[in-house]
Amino acid sequence: MFVDSVEIIIASGKGGPGMVSFRREKFVIKGGPDGGDGGDGGDVYFEVDNNTDTLASFRGTKHHKAKNGAPGGTRNCAGKKGEDKIIVVPPGTQVFVGDELWLDLVEPKERVLALKGGKGGLGNAHFKSATKQQPTYAQKGLEGVEKCVRLELKLIADIGLVGFPNAGKSTLISTISNAKPKIANYEFTTLVPNLGVVSVDEKSGFLMADIPGIIEGASEGKGLGISFLKHIERTKVLAFVLDASRLDLGIKEQYQRLRLELEKFSSALANKPFGVLLNKCDVVENIDEMTKDFCAFLNLGAQKLNEFGLEPYLGFLHPHLTNDFENNPNEQSALFVLPLSAVSALNVHALKFVLLEALP
């Protein structure tokens, strides 16, 4: 089950109490105080684990508490520190206290101290003085800290697929990567984001995210809009997946409406580097003219794929992706326009190289 938001209560351990005890030795009637200090309470840490991409493990487990410190012992023996609580989260997890962002956990294997355990109490050996040789007092340990926090997951991927429902994003990610999403010929088949690893060759690859289809008004929360859109905020490059076979909504209109939703949600998201994939091109007769016309619509001075050793079937690249172009393109310029068919795998092999080159 994919879960991207959950509330939990975290608490550090209480410090152990100090000990009240006195030295007992043969021929010593009243030995001095030798009560040890209590152990410190356990700390709470968040740790990033690359092997998980959901917060589902937190469902049904609301309280996460470190152990209390042990009491001090006799003969000045200190109590054992309470066991720390390590809370494992996927990369991209944000921790909120109320509406305020407290922690942003991104780096693999990153471990961050969230709550410090309570200090252990001092044993009675600390309270001996010239006027009080037999102190019968020891400190209690300090209480731990408790917080109610909200965990929000924003997936981290190199490429984010953006498109309307039934555009073929799930089929594409299942064809090009190791992801196995549910696929069917109706809208909203995908109800949760999917992550897939795309292997280009033995040394190269990237992570791709397929978010559920965007509908108009998604930026205002329609459908599950905002909860979906947040998952592509961290992606490096966006790939708009357009359905070239649609008769009721042309590819230009699809692109404009998708871009409008991104702009409404976040200007930073709308300004990310992007490319366009014209899916289902194998059932469109005039795909060549459609692709050229769309490139002109984007003001893309593109060049055909076969000029750069890729498959000689239609697709166009921004010169930025070639070795003979040294300057960076305009941020609003498409990096590529590539017709493909996720079902028949047409141009999918070329797509791997195009996406790899598009990454900064």
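In case you wondered, yes, glycine gets a Cβ from its N, Cα and C as well.
Fair warning: this is a prediction, and the values are worked out from it, not measured in the lab.
Per Swiss-Prot, the features are:
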BINDING   163-170, 188-192, 210-213, 279-282, 341-343  GTP binding site
BINDING   SER170, THR190  Mg(2+) binding site
DOMAIN    1-156  domain 'Obg'
DOMAIN    157-360  domain 'OBG-type G'
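The number of other Cβ atoms within 10 Å of the Cβ belonging to LYS280 (GTP binding site), over all protein chains shown, comes to 23. The binding-site residues in question are ASN166, SER170, SER341, and the one with the fewest Cβ neighbours inside 10 Å is ASN166. In this view, LYS169 (GTP binding site) is surrounded by 29 other Cβ atoms within 10 Å of its Cβ, with every protein chain counted. In sequence order, PRO212 are the binding-site residues from PRO212, LYS280, SER341 with a C-alpha within 10 Å of the C-alpha of SER170 (Mg(2+) binding site). Summarising the environment of GLY163 (GTP binding site), the number of other Cβ atoms within 10 Å of its Cβ, over all protein chains shown, is 24. The Cβ neighbour count for PRO212 (GTP binding site), using a 10 Å radius and every protein chain shown, is 25.
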